[in-house]
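*Asks:* Here's the feature list from Swiss-Prot:
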type	residues	note
BINDING	Gly37, Pro38, Ser39, Gly40, Cys41, Gly42, Lys43, Ser44	ATP binding site
DOMAIN	4-235	domain 'ABC transporter'
Amino acid sequence: MAALSLKGVKKSYGGAQYVLHGIDVDIADGEFVVLVGPSGCGKSTLLRMIAGLETVTEGEIAIGGRIVNALEPKDRDIAMVFQNYALYPHMTVAQNMGYGLKIRGVERALIDARVQAAAQILELGPLLARRPRELSGGQRQRVAMGRAIVREPSVFLFDEPLSNLDAKLRVQMRLEIQRLHARLATTSVYVTHDQIEAMTLAQRVIVMNRGDAEQIGAPVDVYEKPATTFVASFIGSPAMNLLHGRLSEDGAAFDVADGPRLPVAGAAGAGRGIAPGREWILGVRPEHMTPQPGEAFATLAVDSCELLGADNLAHGRWGAHDVAVRLPHAMRPTRGETLPVALPARHLHFFDPATGKRAG
């Protein structure tokens with residue numbers, strides 16, 4: 001195991017345009033960090049640079065205190081798990097898991113011992129004599145993880161390993177990866193576009209956007225205090241409702257652009273840096289909009305209602321803004337019904353319209 005450090009890491013492909021704009025992060029020994037963001041944000045490029053599959057244009061990458069910029073992937077003491085498994089079809093599970101050690105000249109007895117140990121961790125014992133074509137998608141991904149485990153690396157790198165699996169298998173594999181990290185405590189960097197994977201697996205999340213690390217923090221902090229409108233809209237399913245408008249001079253109401261006046265008394269409290277009488281982007285998550293007894297509320301004309309099982313999502317519009325409200329299972333408003341909607345001050349977020357950055 002080892003700490004991983006990125007200092008001012010930039011990437012360009014020969015021109016003036018950078019695809020990574022200076023990433024700075026220190027990942028502690030044994031920490032599980034997830035790089036999350038949409039396609040094209042730079043997360044996979046950054047992972048490939050850590051792995052040594054892409055060169056570093058500027059900055060330094062260090063593993064265990066050793067700068068690895070000039071080292072080949074095989075010399076970085078890393079192991080990588082890919083989206084497409086990358087198993088040899090003519091080899092058995094055991095041979096696939098041990099092949100990386102074999103080509104490095106490791107003794108057969110040690111290879112067998114490590115393969116057996118990894119198979120026990122991943123419950124692959126009964127499958128060791130099978131070939132990849134005889135395995136399910138989830139089993140193949142466990143074999144790919146086993147191949148990484150037998151290396152006993154300082155750092156695990158996961159490149160969207162669950163993308164090829166169906167929804168049920170993704171849930172199962174998330175749990176297995178959590179258990180694996182709890183058992184091995186190996187420094188891990190995991191890339192995904194799926195914010196649910198990021199929230200459930202990470203000790204810290206790095207939200208990537210257009211080559212920048214938009215926010216770095218614990219999943220709960222990123223969810224509860226998004227640093228920008230991008231993070232607010234990307235982390236959370238459904239996304240945070242973001243409303244353009246103006247806070248009244250007394251700070252008690254928010255006038256949605258081309259929409260209704262909303263009661264927000266107490267939202268611009270002392271010390272939050274939220275000036276009344278100016279334009280803001282107001283954010284509120286769908287689960288925080290169900291009114292409690294005695295609360296002031298606005299109303300929303302329901303366009304549709306999604307029945308999700310444990311809860312429901314009502315959808316409507318305020319002006320040009322789509323609005324989603326999460327409701328208890330028993331609340332199922334129909335199209336055209338008027339729904340009372342709360343905007344509790346403690347759950348409101350304000351963002352600067354010019355920069356998209358959080359206030360307060």
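Each position is counted from 1, following the chain as shown.
Glycine is treated like the rest: Cβ placed from N, Cα and C.
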*Asks:* Tally every other Cβ atom lying within 10 Å of the Cβ atom of Ser44 (ATP binding site).
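*Replies:* Step by step: centre on the Cβ of Ser44 (ATP binding site), count other Cβ atoms within 10 Å, giving 21.
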*Asks:* By Cβ count within 10 Å, point out the most packed of the binding-site residues listed: Gly37, Pro38, Gly40, Gly42.
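*Replies:* That would be Gly37, with the highest Cβ count within 10 Å.
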*Asks:* Summarise the model's confidence over the domain 'ABC transporter' (4-235) as a mean pLDDT value.
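*Replies:* Across the residues of the domain 'ABC transporter' (4-235) the model's pLDDT averages 95 on the 0 to 100 scale.
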*Asks:* Near Ser39 (ATP binding site), how many other Cβ atoms are within 10 Å of its Cβ?
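*Replies:* So the number of other Cβ atoms within 10 Å of Ser39 (ATP binding site) is 7.
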*Asks:* How many other Cβ atoms sit within 10 Å of the Cβ of Lys43 (ATP binding site)?
*Replies:* 28
*Asks:* Using a 10 Å cut-off, grab the number of neighbouring Cβ atoms around the Cβ of Cys41 (ATP binding site), all chains included.
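*Replies:* Result for Cys41 (ATP binding site): 24 neighbouring Cβ atoms inside 10 Å.
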*Asks:* Taking the center of the Cβ atoms of Gly37, Pro38, Ser39, Gly40, Cys41, Gly42, Lys43, Ser44 at the recorded ATP site, which other residues in this chain have a Cβ no more than 8 Å from that point?
*Replies:* His193, Met208
*Asks:* Please report the DSSP secondary structure of Pro38 (ATP binding site), reduced to three states.
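*Replies:* DSSP assigns Pro38 (ATP binding site) to coil.
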